[in-house]
Amino acid sequence: MTEEVQKHSVHTLLFRSLKRTHDMFVSDHAKPVSLDEKSHKVKMLVKLRTEYGPVLHMPVLKEVRGKPLNPSDPIDSSGYLPADDAEYLITGTHPYPPAPGVALTADTQLQKMPSEAGVQSMALALPPSQARQDAVRTAASVGDIHRHAGGAERSQPPQHTLALMEGGGMKNTALVPRKAPTMPKPQWHPPWKLYRVISGHLGWVRSIAVEPGNQWFVTGSADRTIKIWDLASGKLKLSLTGHISTVRGVAVSSRSPYLFSCGEDKQVKCWDLEYNKVIRHYHGHLSAVYDLDLHPTIDVLVTCSRDATARVWDIRTKANVHTLTGHTNTVATVKCQNSEPQIITGSHDTTIRLWDLIAGKTRATLTNHKKSVRAVVLHPRQYTFASGSPDNIKQWKFPDGNFIQNLSGHNAIINTLAVNSDGVLVSGADNGTVHLWDWRTGYNFQRIHAVVQPGSLDSESGIFACVFDHSESRLITAEADKTIKVYKEDDTATEETHPINWKPEIIKRKRF
């Protein structure tokens, strides 16, 4: 009678296989690799030549009783070849060919260790030449050598040390200890305080834009309406209806009396503010349109959508000039500028793309973020921009998107960013927190948690959009409690009453 084979589940078999693999390799964990003497010698020789090549020619002090290492000679543990009758070498105070040096004779041995004054007088007596001037510029003084050399050299008196005249006219930075970079002191900014809460929308306020004349601003909401408010008084001037779903983006043209809006109904509309009516529709997106921006110098509108594309439209003809493809998930934000790259997009696929508007193709892709990029903002004066993601806020340099620094600490889903020309960066998050940063240093100088409207739940605390007005004296936020909040700088604050809580700590920034 044959014995039945016991059947195990896939789970059991998998873990047995894992255990066998673990047992096989467990003894090798953290086992140091045995040192190969030959390769170690080669490594040390290369290190000597690269790091200390410019000083290998220097004379050896009498107490050492050895000769300087020739790169072609074998090395012992001390780095020198022992010699009973060592032949002393000397180098002149003028530029010389890269050779081991000049052997001393009986006549010259008395002068093998010239004093600093002797070196300087000899150098002054030499005829001036370009090579000599270069050498003088790059040479270190005896004092420098004593400051930067090792402990053994420091113990020697100055008269036993030669002035360092490096070969090739270059200073050997490997011998000079580098100072760790520290964060510069941030600029003082007055704190911002809430001074107005505007109610009127019946749903989440998702988008906001200020008109170029700074007289009024416009908001788009989940109640499907667009409302225009007086900036000075906060009173409602006008409501526009036409969208059939949440209005996710609004923009006011500085070149014509037009207002543009987009929403989750896939529609992009152009409103004529002289008649308060829709005069154009831009059809093409296959899913909800999340953001839009106007080009500052040409009549072009750029929109981005959940269909993973951004589209470039001719405002007047309604033509879809380009469809910018390349993102693999929702494109959440888009920004335009008149210098290259003219279009910047941020996406839920964690990348930022810089686009060539003329060709309609990607100019650069920035893959440093680990999570969705929902917000991008361009600095009004510098050729830089910032992007917001739950992992970090990152600053970048145009035109190629070179990384500048991380702004860490806003640990939430960042929906919006705004920056003014004074260097105040504002980040607004899904949990209702607003952080204010110094743009140059990345110092977080204020944190605000927005108070929800009376009658709202605490869970309705969320910032969807924020923008500075054109005077940059007011900050307007669009929030999940259906309100619009306006902040301004505290005029009574001074640097004495609100000091910067800053210490010159060593920078520990991720480079990506």
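Numbering starts at 1 and runs along the chain as it is shown here.
Each residue, glycine too, has its Cβ placed from N, Cα and C.
If you look up TrEMBL, you'll see 198-239, 240-281, 282-323, 324-365, 407-447 marked as repeat 'WD'.
Counting same-chain residues at least six beyond the ends of the repeat 'WD' (240-281), those with a Cβ under 8 angstroms from any Cβ of the stretch are 203-204, 206-212, 218-222, 224-228, 287-294, 296, 299, 301, 303, 305, 313, 315, 318. As a whole-number mean, the pLDDT of the repeat 'WD' (324-365) in this prediction is 96. Within the same chain, residues 245-252, 254, 259, 261, 263, 271, 276, 453, 462, 464-471, 474, 476-480, 482-486 sit at least 6 positions outside the repeat 'WD' (198-239) and bring their C-beta atoms closer than 8 Å to a C-beta of that stretch. Taken residue by residue, the repeat 'WD' (240-281) breaks down under DSSP into 0 helix, 24 strand, 18 coil. Taking DSSP states H, G and I as helix and E and B as strand, the repeat 'WD' (198-239) has 0 helix, 24 strand, 18 coil.
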